[in-house]
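Taking it in order: structure first as structure tokens, then the write-up.
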Amino acid sequence: MADEAPRKGSFSALVGRTNGLTKPAALAAAPAKPGGAGGSKKLVIKNFRDRPRLPDNYTQDTWRKLHEAVRAVQSSTSIRYNLEELYQAVENLCSHKVSPMLYKQLRQACEDHVQAQILPFREDSLDSVLFLKKINTCWQDHCRQMIMIRSIFLFLDRTYVLQNSTLPSIWDMGLELFRTHIISDKMVQSKTIDGILLLIERERSGEAVDRSLLRSLLGMLSDLQVYKDSFELKFLEETNCLYAAEGQRLMQEREVPEYLNHVSKRLEEEGDRVITYLDHSTQKPLIACVEKQLLGEHLTAILQKGLDHLLDENRVPDLAQMYQLFSRVRGGQQALLQHWSEYIKTFGTAIVINPEKDKDMVQDLLDFKDKVDHVIEVCFQKNERFVNLMKESFETFINKRPNKPAELIAKHVDSKLRAGNKEATDEELERTLDKIMILFRFIHGKDVFEAFYKKDLAKRLLVGKSASVDAEKSMLSKLKHECGAAFTSKLEGMFKDMELSKDIMVHFKQHMQNQSDSGPIDLTVNILTMGYWPTYTPMEVHLTPEMIKLQEVFKAFYLGKHSGRKLQWQTTLGHAVLKAEFKEGKKEFQVSLFQTLVLLMFNEGDGFSFEEIKMATGIEDSELRRTLQSLACGKARVLIKSPKGKEVEDGDKFIFNGEFKHKLFRIKINQIQMKETVEEQVSTTERVFQDRQYQIDAAIVRIMKMRKTLGHNLLVSELYNQLKFPVKPGDLKKRIESLIDRDYMERDKDNPNQYHYVA
């Protein structure tokens, strides 16, 4: 290891010939380590020669050669020397430590040339486009020249310049000189920027311009690092002014769809400018400027002027474009949301609030819901905010008219589930029921729906008018899923009653087969649990002896199996099939029990007065008039009324129509008494209100029993949380007063707004 130090010293001498890529001083020979046997040894390199000395004037002569080549490049003339020879000359100079001088001389040569280029641009006679072309040519020439010069002086660039961080590369030096002596000249810069802005303005006006010229010049400004300060700020300022004026003008002149198309076109054009010739950094502020001036400043005006019309006309592409554009602007979606909600509430209220439109209300609501759903899906990209606000808006307007929408939705379900409905398939019926359930969710007074739905369901079940048992069960399942088992328990009980009645009738018919005198009447009885079914007003009528006898037989049979129960006959729900003989032949009539009692009288005589029929049947006055109307004034006129007329009056006479003709064998005579009258509607609604009072009373007592003492406001708040139907504060106050009167609770003697539970 004693010879390590001399090896280092000799190696530094070798490195001294490495063309300046490494600094020899950094590798100076280290002193020999102590401990050797005598002095340090030297490593001798055979055939080592000292660096040859340059001839006198070599540096000056070589620079003249290089300077001549530089001038040739700058003047675009041929170079007398080949590039390899010039490159080697630069390498030789750098190897002999004249790099600083060489760099300085090269910079001066380039600077002299660039300074000479400014003179032609100071002529005032050039128009803007010619000026831009001239400055672009100058820039292109300068770039080409600097590339060539750099290739000649590449060794200098990669050694001396690279090792000196304070020096710009030859290329950067060229950019700096061009920026300093040409583009930074106030007149040149002003004409260049103004010319570029003029070309862009012309292009925005629809003229064709030289885009490659713009791309080159803006690239020059970017390369020279003056793009943002000298061009972009002024460009954005002019853009802002242009689109501010354009937005104001076009909002006055154009309809909203046309205006939105123009905005989309402008945004596309500006985006294309960024791609084609503007610097990428300009994209964000440029697009933001267009959006602000053409959209942001006019959001409310656009919506007020055009949204309602687009929605009324179902202009789906235009609405999609509006959503897409408004989503680009801060506050745009929120503004669209608010107007969207107002439109839904206004349009929906017009459907719900007008009694003249009650006939078509539910179908109109379903169609409107389909329409807004389609708009949300296709135009608003299923945006959850639009979906949720649509639901809130539907809930708001549909409850502006209490009770009626709930009633009509129940009737609409009835029309779909009744036999003879026009739904083509089970799948279509199922889809319709799903849509109806969506409307049902929006209703606050679901108890009103339940009351009318139950009444109509009873008719369908008792008269056998259901289109499909599966559809009925499906609807029941939907209601149960939506409102819970408590809501549908009575409805499910109605179905159970019908199934149990079928079993009972099977056993009853078997029982009757064993009887010696079963009679001519085939009786079918439905046993209904009173708590499940709607409340029916009982009517005592005079049945025929055969009917009374059969009733007693069934009563004995049923109570024999179910002792302790009580049967109450509901004559208003009875119906029958009657056989009749006419001159033209035999017919069968599907009629109500009241119609049956009237027609059976004509087995005893050919004609009776209104008063005689009333006395014989015991049917209540108004019900009898409707019954006789159906038999004598309808399409199937089994009776002839005298005098003729549509209304049944006191003293009218009725005779049997022996000449009756009809193309069908079995004829169904409209059961007018089963059609809902105004009185029935009022009665159903009143029962709902009565039930609500009971529920309010029960809730108040339940709360007070638990809390013992409670303030008025807290009690009302608790009630709102517990009750599942809308209720007014005044109604709650009345129920509280009623309970105080009935000693369920009492007021505090010192604080009238405080209540105490009375055990």
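Cβ from N, Cα, C; glycine included.
Annotated SUMO2 cross-link per Swiss-Prot: Lys8, in sequence order, evidence recorded as a large-scale study or a structure entry.
As annotated by Swiss-Prot, phosphoserine applies to Ser10.
As annotated by Swiss-Prot, ubiquitin cross-link applies to Lys33.
Residues or ranges marked as domain 'Cullin neddylation' by Swiss-Prot on the basis of sequence analysis: 691-751.
Under the heading NEDD8 cross-link, Swiss-Prot lists Lys705. According to DSSP, Lys705 (NEDD8 cross-link) sits within a helical segment. Cβ neighbours within 10 Å of Lys705 (NEDD8 cross-link), excluding its own Cβ and spanning all shown chains: 13.
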Per-region confidence, the domain 'Cullin neddylation' (691-751) (mean pLDDT, whole number)
81
